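Trainee: One structure follows; several queries about it will come next.
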C-alpha cells in the first residue's frame, strides 16, 4: 500500500497507551487517524458511539466476523472487541497514518493480513506500577483487576518473542516514552507531511 504505514500499538491496560496516543494526536492531529474499534460492552460514562468505540450487539458483531469483515477480534471479560477492515480503510482514505490499539491476540491476527504495519508494544516498568495505575483509575473490581494483571503478565512475556514487535517502549517516564514513540514513527510522519498535510 502506498503512503505511510499503519501503526499497531499494543500493551497491557494501564501501560499508558492512551496517554501516549493523546499526545501524538495533539501534536500531529492532521497526520494520525484512529481506527475506531467495535465492542459489545456497554459504554462507560462519557464514551461516545463512533468516537471511542462502535457499540454493537453480539449478534451483529458475530455476523460481521463470520463474513470476514474484521482484521482482528478478541473476547475479554465476556465482551467482544475488534477492528473492522472498514474502520482502517476510512482512516487511509483520509491519507492518514492509521493507529490500531489492539491486544496481543489482535497483533497475531494482523500478522496474518496484508496490512504490513509498524508493531509497537508499550509496557509499564513493572507489574507493581501497573497495579497502582489501575487502582488509581478506580474502574476495576478486584476480580477484573486480577484478570487484567494476569493478562498483563502474559503480554509482557510474549512481547519478548523475536519478530513479534518492531519496538518495545517501557513507559516509566512519559516524556521519554513519547520521544521514543515519535522517533520510531518519524519516517512515516515525514511521508504523511509530504502528502500535503501541515
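Cβ coordinates are placed from backbone N, Cα and C, and glycine is handled just like the others.
The feature domain 'Guanylate kinase-like' is assigned by Swiss-Prot to 4-186, with sequence analysis given as support. Sequence annotations record features per position, and here Swiss-Prot assigns ATP binding site to 14, 15, 16, 17, 18, 19, 171, 172 based on experimental evidence. The substrate binding site annotation in Swiss-Prot covers 37-51. What Swiss-Prot records for 44, 137, 148 is active site.
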Trainee: What does the structure give for the C-alpha distance between residue 45 (substrate binding site) and residue 18 (ATP binding site)? Integer Å is fine.
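Mentor: One finds 17 Å between the Cα atoms of these residues.
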Trainee: How far is it from residue 171 (ATP binding site) to residue 43 (substrate binding site), counting Cα to Cα, in Å?
Mentor: 27
Trainee: Between the Cα atoms of residue 18 (ATP binding site) and residue 137 (active site), what distance do you get, rounded to the nearest Å?
Mentor: 13
Trainee: Taking Cα-Cα distance, which of the recorded positions 14, 15, 19, 137 are within 10 Å of residue 148 (active site)?
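Mentor: Cα within 10 Å of residue 148 (active site): 14.
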Trainee: Which ones in the same chain are close to residue 172 (ATP binding site), with CB under 8 Å and 6+ residues apart in sequence?
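Mentor: In sequence order, 124, 125, 129 meet the Cβ cut-off.
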Trainee: DSSP three-state call for residue 148 (active site): helix, strand or coil?
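Mentor: It is helical.
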Trainee: Tell me, what is the mean pLDDT of the domain 'Guanylate kinase-like' (4-186)?
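Mentor: Mean pLDDT across the domain 'Guanylate kinase-like' (4-186) comes out at 92.
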Trainee: Counting across all protein chains shown, how many other Cβ atoms sit within 10 Å of the Cβ of residue 14 (ATP binding site)?
Mentor: 23
Trainee: Of 37, 39, 137, which recorded positions come within 10 Å of residue 14 (ATP binding site), going by C-alpha to C-alpha distance?
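Mentor: Of 37, 39, 137, within range: 137.
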Trainee: In whole Å, note down how far the CA of residue 137 (active site) lies from the CA of residue 19 (ATP binding site).
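Mentor: About 13 Å separate the Cα atoms of these two residues.
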Trainee: Reported as an integer number of Å, what is the Cα distance between residue 47 (substrate binding site) and residue 16 (ATP binding site)?
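Mentor: Cα-Cα distance, residue 47 (substrate binding site) to residue 16 (ATP binding site): 18 Å.
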Trainee: Quick check on the binding-site residues: of 16, 43, 45, whose CB has the lowest count of neighbouring CB atoms inside 10 Å?
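Mentor: If we count Cβ atoms within 10 Å for the binding-site residues 16, 43, 45, the smallest count is at 45.
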Trainee: By the count of other Cβ atoms within 10 Å, pick out the sparsest of the recorded positions 17, 44.
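Mentor: Checked 17, 44; of these recorded positions, fewest Cβ neighbours within 10 Å: 44.
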Trainee: Where does residue 171 (ATP binding site) sit in DSSP terms: helix, strand, or coil?
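Mentor: SS state of residue 171 (ATP binding site) = coil.
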